[in-house]
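Report on one structure; see the data block that follows.
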Amino acid sequence: MVAYENVLANKASSGRLCKALGIRLVTNPLVVQLAKNAGFDALFIDLEHSTLSLADASAIACAGLLSGLTPFVRVPYQCGMGFVQQVLDGGAMGIIFPHVHTAADARAAVDTCKFPPHGRRSMWGQQPVLGLRVTPLHKIAEVCDRVASSVVVMIEAADSIEQADAIAAVEGVDVLLVGCIDLSTDMGIAGNFESKRFRAALEAVSAACHRHGKLMGLAGLYNNRKLQEWAVHSLRARFILCQQDSNLLALGAMECAGAVASIQLDRCPD
């Protein structure tokens, strides 16, 4: 019934890794084709740390659906149920909720994403994730709740680590995604991802996920191969935000300009 694959769910079912590209700067949906060419599996469309509009997010999400890259959208903190429903109705296959501190926060996230009786999401007919097909309402609810409304909660503070087990126990939560930059900053060790305290925090989240059958994800460890390998092999992380479009442009621009600047003008023209 669902028109498009939830790559994260399918890969996770067989223990494989889902690689996401963050989009927070580029508004042209053609960025999705670049992501596909590079081998990404999913999109992390960022409405928290960007000025992307709801229309931008929908256009990029629908391009992702058509290209086989599962679109997830990070919404602004405490943006409200109405906004989340617009994002889902616009084509997102999952919502990423930042700054989840308690089990109550996690339950509210689930409540926002799922149709009754599992939540309070309002019904709408032609869903992009169902190919805009006219679909019986009970089928929309069943299919969307099962495979097209993933709930990703972000663990980004020390108090969230303390509540990781309770958060992971919430029915309907699919992924505990550690926001490494905010977490390390909140712990007073900003960017010190090698810290024993930071690693212990990640281990606590991994253990909670394993106990309750949830997926662990990581964001913010960009281009950190050593820690990414540790997280995938030792912590069983299966969802990785690999990089942001803005960082790729910045790094590529510096490399390109630096290569030209390094050319020595030591010969006079003939």
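Each Cβ is built from the backbone N, Cα and C atoms, and glycine gets one as well.
Quick look at what Swiss-Prot lists:
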- His49: active site, proton acceptor (ACT_SITE)
- Arg74: site 'Transition state stabilizer' (SITE)
- Asp89: site 'Increases basicity of active site His' (SITE)
- Glu156, Asp182: divalent metal cation binding site (BINDING)
- Asp182: substrate binding site (BINDING)
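In the structure shown, the C-beta of Glu156 has more C-beta neighbours within 10 angstroms than that of any other entry among the recorded positions Asp89, Glu156, Asp182. Within 10 Å of Arg74 (site 'Transition state stabilizer'), judged by CA to CA distance, lie the following recorded positions from the set His49, Glu156, Asp182: His49. It is His49, among the recorded positions His49, Arg74, whose Cβ has the fewest other Cβ atoms within 10 Å in the structure shown.
Glu156 (divalent metal cation binding site) sits 14 Å from His49 (active site, proton acceptor), taking the CA atoms of both as reference points.
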